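*Asks:* There's a structure below that I have some questions on.
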Amino acid sequence: MALNLRKNHPLLKIINDSLIDLPTPSNISIWWNFGSLLGICLITQIITGLLLATHYTADTSLAFNSVAHMCRNVQFGWLIRNLHANGASLFFICIYLHIGRGFYYGSYLNKETWNIGVILLLILMATAFVGYVLPWGQMSFWGATVITNLFSAIPYIGQTLVEWAWGGFSVDNPTLTRFFALHFLLPFVIAGLTLVHLTFLHETGSNNPLGIPSDCDKIPFHPYYSIKDILGFALMLISLAALALFSPNLLGDPENFTPANPLATPPHIKPEWYFLFAYAILRSIPNKLGGVLALAASVLILFLIPLLHTSKQRSMTFRPLSQILFWILVTNLLILTWVGSQPVEHPFIIIGQLASFSYFTIILVLFPIVSVLENKLLNL
């Protein structure tokens, strides 16, 4: 009998075991599409980013003009730039939904997969931050100044650390050059870690909406889920194209159409929408070091989630109290996002402080207590 190349070739075998003959639970829903959508986002961002990098100049006197030149004079440069800028937003939408799905259905109990996923989120946030600095507009410059300055809150070594990161005494040419280098490098680190993420996932297999073992009822990934993923790709790429073609500047800040000027501070310095929840938590604490610690904790808290799981059930599918708490948490994050975009004045300060307090209380205190209560109610 002739050898089946797909199943025996050293390289094709890896692809086959990951994308074709992979045993997959028969009941996973649309919420399991986001992993592959994130892969498509990454590929799109790397391709568009590479094309942009061929025309970009990482120098403070030329960066802004090189981006303008790209949009005006390069064939389809405007489209590539708009796809790249809005692709970042879609990337974050997908990753937040992906994390939310993992949280709801108890996927975090695959600890290695979850922890690498959190590291991927942190690197993605770093990549998006350094990328936002590259066009060298007003918000790029001041965003870089404000966020890098936060490291000065670290006791004893803070100021030295900031000046080392800047390559001088303020955000300037050396900063831009190194941020470009990092922005070019990090997506490939993300791609490498994604493979590790998948390797750990395929050790245990996917979770499913019921949160129970599904070894007795697995189906091949192709054609059942490959066709489902293609539908997801189409919907996402259509959304991206619509955003990039009809309202490319919807999610951007108009301040970034002004070249960076160290002598003029914009009235409201704020990051892109996908960082606003963390920015609101940072601002809600009046102390600099406290704010920085809260900012770090707002994302690093994800590492603790597997340790805070007190329920006897994996998924929230049959846990109505936890479901209510989960949707309160989602609403709370939306409130934080909105508050982060508002100026620092009366109603927003207290709303932000309450929402920040609620965020940590729900995750660290209420979820474990409610899970124990549900165990009692269900006599588990």
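Indices start at 1 and increase along the chain as displayed.
Every residue, even glycine, has its Cβ placed from backbone N, Cα and C.
Grabbed the feature section from Swiss-Prot, which reads as follows:
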BINDING   HIS84, HIS183  heme b b562 binding site
BINDING   HIS98, HIS197  heme b b566 binding site
BINDING   HIS202  ubiquinone binding site
TRANSMEM  34-54  transmembrane segment
TRANSMEM  78-99  transmembrane segment
TRANSMEM  114-134  transmembrane segment
TRANSMEM  179-199  transmembrane segment
TRANSMEM  227-247  transmembrane segment
TRANSMEM  289-309  transmembrane segment
TRANSMEM  321-341  transmembrane segment
TRANSMEM  348-368  transmembrane segment
*Asks:* HIS183 (heme b b562 binding site) to HIS202 (ubiquinone binding site): how many Å between their Cα atoms?
*Replies:* 29
*Asks:* Tally every other Cβ atom lying within 10 Å of the Cβ atom of HIS197 (heme b b566 binding site).
*Replies:* 21
*Asks:* If contact means at least 3 Cβ pairs within less than 8 Å, sequence distance 6 or more, would you call the transmembrane segment (114-134) and the transmembrane segment (348-368) in contact?
*Replies:* no
*Asks:* Which residues of the chain, 6 or more past the ends of the transmembrane segment (348-368), have a CB below 8 A from one of its CBs?
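*Replies:* Counting only partners 6 or more residues beyond its ends, the transmembrane segment (348-368) has Cβ contacts under 8 Å with 280-281, 283-285, 294, 297-298, 301, 304-305, 308-310, 322, 325, 328-329, 332-333, 335-336, 339-340, 342.
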*Asks:* Against which stretches of its own chain does the transmembrane segment (34-54) lie, if we need a Cβ under 8 Å and a gap of at least six residues from its ends?
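*Replies:* Contacts of the transmembrane segment (34-54) (Cβ under 8 Å, skipping residues fewer than 6 from its ends): 70, 80-81, 83-84, 87-88, 90-91, 94-95, 97-98, 101, 183-184, 187-188, 190-191, 194, 229, 232-233, 236-237, 240.
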*Asks:* Which residues, sitting 6 or more apart from HIS84 (heme b b562 binding site) on the same chain, put a CB under 8 Å from its CB?
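*Replies:* When sequence neighbours closer than 6 are ignored, HIS84 (heme b b562 binding site) has GLN45, THR48, GLY49, LEU52 within Cβ distance under 8 Å.
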*Asks:* Out of HIS98, HIS183, HIS202, which of the binding-site residues is least crowded by other Cβ atoms within 10 Å?
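*Replies:* HIS202, out of the binding-site residues HIS98, HIS183, HIS202, has the fewest neighbouring Cβ atoms within 10 Å.
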*Asks:* Same-chain Cβ contacts of the transmembrane segment (179-199) under 8 Å, 6 or more residues past its ends?
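*Replies:* Answer is 18, 38-39, 42, 45-46, 49, 53, 56, 58, 113, 116-117, 119-120, 123-124, 126-127, 130-131, 133-134, 144.
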